[in-house]
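Heads up, the thing below is written out as structure tokens.
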């Protein structure tokens, strides 16, 4: 018996509510979200591949961009495959272990992404404001350590809240999580105990990660603006700003939706609104990232064109070789 008088149990599974207002269009939703997921994977895998393959992109900015694409691939893969399977299933269940795992990786990868976005902002500041010292400050070893710190910085702080949620007493088997994945707020509402302290802890951790990384980003771009405005030529100012525009678009989308969802003590707001904002964070932003960076960056576009030329040339070469070998075999 829980402190508030409700019977608690050790759950073996939950039910994900999904998108109940759109249940009549499950097949259409499956098709749309599958297409979005495949485009997301394709775009981000291309970014990772071209950054590793093209020597022109062996710079700190593109190294961090490759890490960002890896995070986007993992973040969407934590949520979308289960969501797609539920669209085609009558039972929208998820095991307790899978739910807690999804909870952990969603927040771990999200926190790492915030930290990485802040690092990318600081990297742009150093490149624009300290160009002579930049190669020394952002050497390959430094970039590797900073990227590793971003991954570990997301991995460790989320462990405590995840264990705390896993140990909570829940009121009944098969309780409905009012979301399409195991998010913090909907899970805590199913507990048979007072979760106020845990909610406050989640709020503090989310605020620390989001606000601190946002502060680094804001300060970096504030200093960049001051430095760029001091450049006498208009073409010089435009070139300096062009290197930051893509990152600013991504930062605006990501921070705006995350602050709305998690930097609120009570995690209030209508369920439909929270779902809509989560869709932007989980589906739209990762989908747009490769296109934002690729379409606005001449170096990435040229590298992608070269990679496609090599792939096409390789495929045609293999086809011609197979044809020649088959003709010789016939003769």
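Cβ atoms are placed via backbone N, Cα and C, with glycine included.
Relative to the membrane, Swiss-Prot puts residue 234 on the same side as residue 299. Looking up 6, 40 in Swiss-Prot shows the N-linked glycosylation site annotation sitting on 6. Within the listed segments 127-147, 148-168, Swiss-Prot records transmembrane segment for the stretch 148-168.
Here the transmembrane segment (243-263) sits against the transmembrane segment (100-120); at least 3 CB pairs are under 8 Å, leaving out pairs fewer than 6 apart in sequence. Each residue in the topological domain 'Cytoplasmic' (121-147) gets a DSSP state, and the totals come to 21 helix, 0 strand, 6 coil. Contact count against the transmembrane segment (208-228) (Cβ pairs under 8 Å) is highest for 100-120, out of 100-120, 148-168, 275-295.
Contact between the transmembrane segment (275-295) and the transmembrane segment (30-50) holds: at least three of their C-beta pairs are under 8 Å, each pair 6 or more apart in sequence.
Remote same-chain partners of the topological domain 'Cytoplasmic' (51-59), defined as residues 6 or more beyond its termini with a Cβ less than 8 Å from a stretch Cβ, comprise 65-66, 69, 299-300, 302-303, 306-307.
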